[in-house]
Amino acid sequence: MVLPPPDRRHVCLTTLVIMGSMAVMDAYLVEQNQGPRKIGVCIIVLVGDVCFLLVLRYVAVWVGAEVRTAKRGYAMILWFLYIFVLEIKLYFIFQNYKAARRGAADPVARKALTLLLSVCVPGLFLLLVALDRMEYVRTFRKREDLRGRLFWVALDLLDLLDMQANLWEPPRTGLPLWAEGLTFFYCYMLLLVLPCVALSEVSMQGEHIAPQKMMLYPVLSLATVNVVAVLARAANMALFRDSRVSAIFVGKNVVALATKACTFLEYRRQVRDFPPPALALELQPPPSQRNSVPPPPPLHGPPVRPHGPSPTRDALDT
């Protein structure tokens, strides 16, 4: 498939978010080391950033070229590459904070690191989806329904980042070593995979996107984020007496469990009661893409009714 010319604003904004967050992470890594080791770390991160920038120079242009299409394949590649490198740097920052003496590290710097991740990671995901560039999503109701589903993805990303932030924000955590490693790499894996699942659902739907049919991500999110996060936070409070557990995100997970359960029940009812003619009508292209000239009526037969939007089509075009 030949891609259209890239959207320069989208390419510049995506590159700015990625390289800006990477530069701040590099500053944390360099600042955490002293003496001759600081020079070595500085050289390593500079070489890594140059290699990453060479790859980003091509992938970001491909992402900007496909942003006006219904495909998001290059967006998934860029997301995977970004999170893979970002989390490696974050792991070393976390280990440096853990090795520091109690109270030696600035708590404001730890909060600033969490704030940076909370803005850049969900923000980059929404940039890669580029809902405002989807010109084929014409109806306001369908666009807002899709925006609401993407907002749930952003909330899940914030939930995972909050679980990771509980490892480095307090000066000293009460979790054992195996629990810290399990928590970090579990969130790492979900940050890599779940947004790619959401992007693949958007890509597979094509131009005739139907948000009510995008059920793979809600199922995975319900099992891997909402259920596991509630159990993990409850175990931290009950077993390890961890007072840093976010009660707000526990409430978010409970609300998400109830909301998604209702969504699944409603979806099953709609699939069971959906009439086949209405389903076929929903899969047809919009009236604006059809031939506006009606076919000539037969010589011997009833007159052909004029073409126009049907009530069923209006009800299903959400």
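Backbone N, Cα and C define each Cβ position, glycine as well.
Taken verbatim from Swiss-Prot:
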TRANSMEM  10-30  transmembrane segment
TRANSMEM  43-63  transmembrane segment
TRANSMEM  74-94  transmembrane segment
TRANSMEM  112-132  transmembrane segment
TRANSMEM  174-194  transmembrane segment
TRANSMEM  214-234  transmembrane segment
REGION    278-318  region 'Disordered'
COMPBIAS  278-309  compositional bias 'Pro residues'
For the transmembrane segment (74-94), distant same-chain residues with Cβ under 8 A (at least six beyond the ends): 14, 18, 21-22, 25-26, 28-29, 32, 45, 48, 52, 55-56, 59-60, 62-63, 65-66, 113, 117, 121, 124-125, 128-129, 164, 167-168, 184, 188, 191-192, 195-196, 199-200, 203
Contact call for the transmembrane segment (10-30) against the transmembrane segment (174-194), three or more Cβ pairs under 8 Å: no
Close approaches to the transmembrane segment (112-132) from elsewhere in its chain (Cβ under 8 angstroms; 6 or more beyond its ends): 10, 13-14, 17-18, 20-21, 24, 28, 63, 67, 72, 75, 78-79, 82-83, 86, 90, 93, 143, 146-147, 150, 153-154, 157-158, 161, 164-165, 168-169, 191, 195, 198-199, 202
